[in-house]
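Below you'll find the structure, written out as structure tokens, and then a few comments.
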Amino acid sequence: MTRMNIVRCRRRHKILENLEEENLGPSCSSTTSTTAATEALGTTTEDMRLKQQRSSSRATEHDIVDGNHHDDEHITMRRLRLVKNSRTRRRTTPDSSMDCYEENPPSQKTSINYSWISKKSSMTSLMLLLLFAFVQPCASIVEKRCGPIDIRNRPWDIKPQWSKLGDPNEKDLAGQRMVNCTVVEGSLTISFVLKHKTKAQEEMHRSLQPRYSQDEFITFPHLREITGTLLVFETEGLVDLRKIFPNLRVIGGRSLIQHYALIIYRNPDLEIGLDKLSVIRNGGVRIIDNRKLCYTKTIDWKHLITSSINDVVVDNAAEYAVTETGLMCPRGACEEDKGESKCHYLEEKNQEQGVERVQSCWSNTTCQKSCAYDRLLPTKEIGPGCDANGDRCHDQCVGGCERVNDATACHACKNVYHKGKCIEKCDAHLYLLLQRRCVTREQCLQLNPVLSNKTVPIKATAGLCSDKCPDGYQINPDDHRECRKCVGKCEIVCEINHVIDTFPKAQAIRLCNIIDGNLTIEIRGKQDSGMASELKDIFANIHTITGYLLVRQSSPFISLNMFRNLRRIEAKSLFRNLYAITVFENPNLKKLFDSTTDLTLDRGTVSIANNKMLCFKYIKQLMSKLNIPLDPIDQSEGTNGEKAICEDMAINVSITAVNADSVFFSWPSFNITDIDQRKFLGYELFFKEVPRIDENMTIEEDRSACVDSWQSVFKQYYETSNGEPTPDIFMDIGPRERIRPNTLYAYYVATQMVLHAGAKNGVSKIGFVRTSYYTPDPPTLALAQVDSDAIHITWEAPLQPNGDLTHYTIMWRENEVSPYEEAEKFCTDASTPANRQHTKDPKETIVADKPVDIPSSRTVAPTLLTMMGHEDQQKTCAATPGCCSCSAIEESSEQNKKKRPDPMSAIESSAFENKLLDEVLMPRDTMRVRRSIEDANRVSEELEKAENLGKAPKTLGGKKPLIHISKKKPSSSSTTSTPAPTIASMYALTRKPTTVPGTRIRLYEIYEPLPGSWAINVSALALDNSYVIRNLKHYTLYAISLSACQNMTVPGASCSISHRAGALKRTKHITDIDKVLNETIEWRFMNNSQQVNVTWDPPTEVNGGIFGYVVKLKSKVDGSIVMTRCVGAKRGYSTRNQGVLFQNLADGRYFVSVTATSVHGAGPEAESSDPIVVMTPGFFTVEIILGMLLVFLILMSIAGCIIYYYIQVRYGKKVKALSDFMQLNPEYCVDNKYNADDWELRQDDVVLGQQCGEGSFGKVYLGTGNNVVSLMGDRFGPCAIKINVDDPASTENLNYLMEANIMKNFKTNFIVKLYGVISTVQPAMVVMEMMDLGNLRDYLRSKREDEVFNETDCNFFDIIPRDKFHEWAAQICDGMAYLESLKFCHRDLAARNCMINRDETVKIGDFGMARDLFYHDYYKPSGKRMMPVRWMSPESLKDGKFDSKSDVWSFGVVLYEMVTLGAQPYIGLSNDEVLNYIGMARKVIKKPECCENYWYKVMKMCWRYSPRDRPTFLQLVHLLAAEASPEFRDLSFVLTDNQMILDDSEALDLDDIDDTDMNDQVVEVAPDVENVEVQSDSERRNTDSIPLKQFKTIPPINATTSHSTISIDETPMKAKQREGSLDEEYALMNHSGGPSDAEVRTYAGDGDYVERDVRENDVPTRRNTGASTSSYTGGGPYCLTNRGGSNERGAGFGEAVRLTDGVGSGHLNDDDYVEKEISSMDTRRSTGASSSSYGVPQTNWSGNRGATYYTSKAQQAATAAAAAAAALQQQQNGGRGDRLTQLPGTGHLQSTRGGQDGDYIETEPKNYRNNGSPSRNGNSRDIFNGRSAFGENEHLIEDNEHHPLV
């Protein structure tokens, strides 16, 4: 092995060791392929090298923003993680999901055979084998969890948490610089990372203590999910969150700060950059006061938030700091997105263009990615997300995935995580921890959670692992580590006496029913935050408050409907000693309690005030319901409903004209006919500048007693000369009001009048208008960085844009001489390359623009200087008593830049900051939100003022407004429409802007206004006002100019006057760019070897232009220059076609160098890669070499023939044997198509008859062969023809023909013979042996209808002789033994697939699912096919493994079908329950009724759970052959030619089979009621039916006896025993009556797979059809035979009699019965009445719902009297009459409570009409307005006057 290979191997080995030390994930103990491992190592090594290069590059160019670095680093990190996961292993956590050995234990490692390694093999092969044995990435995404993380004070300092999960295996993260968590279970906080505490300390230590840098912060490269809150607060030096959390996908929000899940607050240097974040599952977003943080409002936060708690509070603080920091947040596209499919887009309203689509950006280079599956339409619920290609992830994913359709590749789980996979819910034996993952009970109880620095007991109850109890449970007072189930409904009492001012506090009382104390709610937030909908559920459980209810300042509340269950306020304490309910200062409250709420107050009154949207009529409704008189002080009509539209008179205002500095309004005059006209003063027009159109703006916004943001103009009312009012009113605002161009104004009109009786006010809605454009000021041009092919220019926006600046026009042109002039004199003596100097540039200049004066005829908006000059004129204030001194103008210019703060916003911000500091300094609990919340009874001064009800300040209409002057420069326009300049010299521009890759600039079309010059329109959305002119020539002088233009689609728009800013600038040169590429230098000999022509390609990019080239010919020996040629790059000269010529060269070795000279100077020297060899030709010519190659090829051909002959001699026989085997096993050579062979028949060989059957995979027809002989020599006439019903090209059709292929290999007596295949027609036909009697299952079921058969007598062998039964079982076993000998697995052995011919011989058929097992012990199918679940073994159900032993299991099920005459296996169970019954519970079918122990032992042998414990078919044939006929022995495959003899050790012994549950129970003389075991109501099963054989109908006793009455046979019956096992719980599986009447099994095509039609008279009805006498009238004799009951002691109820002769079964909702329509004469199907109750006129019925018909009242009375006498005899049984328990086996349970029936529940109270109704099932037809339905909760007998005994 070479030294280089050794070095490479050692290097790879070192990489693996390093990866193992980093401990990123577990390893798997299986091998991987050579290619995969090599690629993984190669990729890792290459990525590490690239990463080092990038790091070195960033060290030198750290000031350049690299937008692609993050993606490259992420890809590298992901590849490293894959290799690390495949090599390393971490320790086991309580959740075993971290261990990859869960499914591949270490003891089962794949062994490697090294015997083939020869001694000559190098060490490389051995190392590769060892490498492949250990490198195997896990199939699932491994989860590594961390608890809550708090980084504080220093970037690397992780503080210990007070609140922990208490995981004993939790790892301490202190001191780590890189945390490898994938999930943080809790919140992650970065706070107070400040180098200096105060500004004085910062100034003092600025030079000694620089701020922290980005590289010092801890990184989380693998973190995908934070289950709590992400908080970044007061952190310096942190520039980009992308570098800290490069893969963060999901923020859970299970614990919130206030109601926010993402908080970024007061961070001076931060950029968000969380471009992978796709889901915020709960909570809102608050991002404020971050001075340099841009793009906060470009993200669609509402799209990320999936819950109704979606309050978003973000600002763009960088815009307010523009004059201080010089930073302006850019607008526009951040990534190129053709077709708008890659990025997400926001829709913003624009007055001129309507709705505008704006690209959502995280930064200037990264947009918010779009995924069609983040939300599921049309519900908009959370979706699974997308993978990297945009495809839909698995439904259990959230936030995206690595691979589609793979629940193990999710970034986060939608529901629950368990063992590396996302699942819907935990299994029954597991417990849900933290609402996200499953743990075992032992793992749960190991946890010791710490809440508030105190350990609390953990509990594992009802599938929940938590410190609190689940719903319906409460803490056990005797043991606080346990929960106990509540008796009835849990009543949770919460002792609170604090303010509910945050959403987490509200969540803490979600389960509370009784509030012990005062409930004060003060939740601030946006109305559209969705909190109101969440609070609706939070307060829904409260029904009692012991104190008072106070709702104040809660903006999310629209109504108080969330207290829908509030019934009582005890008011033990009163608010202000007066009020039990207080509601005030709720700005959005529109309604009070729901009209259905039945609320009572024990004492106190109600106070409702200052709710501006609450109409007074709702207050009156509430007071009327509470029976409390209205009080004008407590329920003030004047302070409620001020902003609501309760009663109003609207004024419709129209705009008649709009100019740049004026707006004209008009409206109809106000109707004053019904008021005192002398009191009407006039109209006042209010207006103010607004940033945007806000449909929700109100008149009261931005107003106080001192400062009013609205300006106003008053117009006095005058009557006309005739005394009539003016029909229309006209007003305008103009230069005197300092109206500015292109400014949006809000306005409204209000009337002014003196208060008097009957006065009415008029007010208009708020409208919006934007003034017109005016010529903008010119921009100011500045120069920035210059590069070799680009010039970065910057400029300042016009001081007065006077319109929406849509774009800037940038023009540039070359100002350079042609290089061809210099090329003419390049090779002259005076211009040698050595003496050439660099070209000198003309002086670079900047042309200053002159300010443009606005014509004096127009009044413009005042500038800052003019406003300061008129300061004295502004010092005025409204004459309002108590008004504060006006300070709006006295404030400094810096303060004037900021908007006057809203008092309520200040209160909300203060509350948020207090809560934030509490959370940071006192971290909350991880397990849950604390129920004991700290007292928050603070009341601010603002709230104290608000609580002074009836003293709300009012604004006088005559007050003069103050004008707030903004001293900021106007911001650029946000318009994105394409301009069309009006300057004649400019060309038309394109309509749709594009985006420059890697920049923030949105561009329009580049055009060339003049020859040699270019221009481009740059969108004004680029708020940094800069542009990089790219694709410039290197080292070239350019002239640049700039102008600003407005939106040309708007009338009056224009560009700035032609005084454009200008500059001259030369681009930089590029070192070595003038070099000729070495590989392009070529040479060739000319006429002889002494003449060489050298050619090359010129440089593609040069520094300004090429003047010429210098070509040198050097000696290869000493490097001396032999010849030099100089050539100028003149016009028409070609270096490739012409080049230079060297002549008269001597023999030797030379190389060529070429030097290009550009405008900048001589470039580097380029040398040819191939040397020039000049020599005289020798012996080895081309002809000689070709002849030698020909001889070599001949010798190689001879050697190949020898090798071929040797292989044929040595290995020919083995290849032949393998070929023969593959012919016998065609499935090894399946090529997905059927090939016709000798079995092929012609279509006219058979005649197709009528259809005789249909199965899951096709139809069967009768056929007749036309004297045809099959390939096996069978001449056949009648035959069966199978035809597939699917598409001929489908996969099922191929499987159908493959079945025929399989049958070609079989030739035995007990397998259906194949006669041939007709594949030339569509659909194809398979011709088989005719089996006249059909399949075994249907044949057995047909025997049930035989009159000889009586199930109650167990006369099974009277129907099928015992020897015939043995014969059939032996024939099936012999056929399966034949398949077993051929290594074939049938996979679908069932009675339906066993066919019977006319001499009652059973043969095995239907090989559609058969598979070959020659090389494997079992067969595991792939794809999706129908499977016979009820005939499958446990290993087949769970693992999909099939072999001969699984067929043995199916044979046991076939025996069950035989002894039950074709009964459905596992009757009463669904397919999922069958899987649980067999695979999980490991149970088998209980012994059928009338089944002999011998056969049940054989069944149990076949149903052994372990496959190796089951017998083989060979053993079963020898066992059954002892009782079989001699004919069978003559035809048996096992007992004839093959002589497959068993050893003594292989013989079966039935005595070893357990006899449990096989012996018949002892029959008692009479049923004993006391022996019937009593069950609790919760343990009863309503599906417990009675076997049919226990009933026998007898003829009527006399003419008056009800035909519905049934009695017990004279034979004493066995008392039903209490079922105690899972087998006996499924009682329907124990009877031999066959399948239920309507068993629903939906799976595939026939009765065993899908729902089928059923026959009548099959199984008994449901047990609860009977009713006792005392169940209805308290022990009286009435209701003798209602609901199918009997009036005879000892007689049962109509359990076995069908409802109306098969019309309906009387069963509800269970799979055992089918609901069918019944005739109008029938009562409801659940009555269970006998068939004789119907079919007679509907007259003189004694009772409803199936009562027996009586011909007269006397007959009914006589029968009732007899029943009453029988009832008296039952008094010792608790007063019960004809009880259901008189019949053992009915499932009725006696009640321990005296006088009550255990089968029924009292639902009706006692009233004047009856004594109550314990029946739960309804009443007569006349209930429910005469409809035919019966009432579920009504009385059984309603009409008392018709009672015969009343």
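Backbone N, Cα and C define each Cβ position, glycine as well.
Feature annotation from Swiss-Prot assigns disulfide bond to CYS371-CYS386 (among others). Note on CYS386 (disulfide bond): other Cβ atoms within 10 Å of its Cβ, all shown chains, come to 22.
Annotated disulfide bond per Swiss-Prot: CYS393-CYS401 (among others), in sequence order, evidence recorded as similarity to another entry. Residues within less than 8 Å, Cβ to Cβ, of CYS393 (disulfide bond) and separated from it by at least 6 positions along the same chain comprise TYR373, PRO384, GLY385, CYS386, ASP387, GLY400, CYS401, VAL404, ALA409, CYS410.
For CYS397-CYS410 (among others), the entry in Swiss-Prot reads disulfide bond, with the evidence type similarity to another entry. For CYS397 (disulfide bond), the same-chain residues 6+ apart in sequence whose C-beta sits under 8 angstroms from its C-beta are PRO384, GLY385, ALA407, ALA409, CYS410, HIS411, ALA412, CYS413, LYS414, CYS422.
For the recorded site, CYS413 (disulfide bond), the DSSP three-state label reads strand. Annotation source Swiss-Prot lists disulfide bond at CYS413-CYS422 (among others).
Here Swiss-Prot flags CYS426-CYS438 (among others) as disulfide bond. In the three-state DSSP assignment, the secondary structure recorded for CYS426 (disulfide bond) is coil.
Feature annotation from Swiss-Prot assigns disulfide bond to CYS469-CYS483 (among others). In the three-state DSSP assignment, the secondary structure recorded for CYS483 (disulfide bond) is strand. Within 10 Å of the C-beta of CYS483 (disulfide bond) there are 21 other C-beta atoms, taking all protein chains into account.
The annotation disulfide bond is assigned in Swiss-Prot to CYS486-CYS490 (among others). DSSP assigns CYS490 (disulfide bond) to coil, not to a helix or a strand.
According to DSSP, CYS615 (disulfide bond) sits in a coil region rather than a helix or strand. As annotated by Swiss-Prot, disulfide bond applies to CYS615-CYS646 (among others).
The domain 'Fibronectin type-III 1' annotation in Swiss-Prot covers 775-869 and rests on sequence analysis.
Marked as region 'Disordered' by Swiss-Prot: 944-980 (among others).
Per Swiss-Prot, domain 'Fibronectin type-III 2' is recorded for 969-1067, and the stated evidence type is sequence analysis.
Sequence annotations record features per position, and here Swiss-Prot assigns domain 'Fibronectin type-III 3' to 1077-1179.
Sequence-distant contacts of CYS1252 (ATP binding site), defined by Cβ-Cβ distance under 8 angstroms and a gap of at least six in the same chain, are VAL1260, TYR1261, LEU1262, ALA1280, GLY1334. Among the features that Swiss-Prot reports, ATP binding site is placed at CYS1252, GLY1253, GLU1254, GLY1255, SER1256, PHE1257, GLY1258, LYS1259, VAL1260, LYS1282.
Over all protein chains present, the Cβ of ASP1388 (active site, proton acceptor) has 23 other Cβ atoms lying within 10 Å. Annotation source Swiss-Prot lists active site, proton acceptor at ASP1388.
Among the features that Swiss-Prot reports, region 'Disordered' is placed at 1718-1742 (among others).
Taken from Swiss-Prot, the feature compositional bias 'Polar residues' applies to 1726-1742.
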Practice task
Whole-number Å only: compute the distance from the Cα of CYS615 (disulfide bond) to the Cα of GLU1254 (ATP binding site).
Solution key: 72
Problem - disulfide-bonded residues listed as CYS413, CYS469, CYS490, least Cβ neighbours within 10 Å - result: CYS490
Practice task
Based on Cβ atoms within 10 Å, give me the single least packed residue among the disulfide-bonded residues CYS371, CYS410, CYS486.
Solution key: CYS486
Problem - Predicted model, mean pLDDT over the domain 'Fibronectin type-III 2' (969-1067) - result: 62
Completion exercise
Cβ proximity for CYS426 (disulfide bond), under 8 A, sequence spacing 6+, ordered by residue number, returns VAL416, HIS418, LEU432, CYS438, GLY463
Handout entry: Between ASP1388 (active site, proton acceptor) and CYS371 (disulfide bond): CA-CA distance (Å)
Key = 45
Handout entry: Distance from GLU1254 (ATP binding site) back to CYS469 (disulfide bond), taken between C-alpha atoms, in Å
Key = 56
Practice task
Could you measure between CYS486 (disulfide bond) and GLU1254 (ATP binding site) for me? Cα positions, answer in whole angstrom.
Solution key: 55
Practice task
Round to the nearest Å and give the CA-to-CA distance linking CYS483 (disulfide bond) with ASP1388 (active site, proton acceptor).
Solution key: 49
Exercise for the section: Report the nearest neighbour of CYS490 (disulfide bond) in space among the recorded positions GLU1254, GLY1258, ASP1388, comparing Cα positions. Expected result: ASP1388
Practice task
Would you count the other C-beta atoms found within 10 angstroms of the C-beta of GLY1258 (ATP binding site) for me?
Solution key: 23
Problem - Conformational class of GLY1258 (ATP binding site) under the three-state DSSP mapping - result: coil
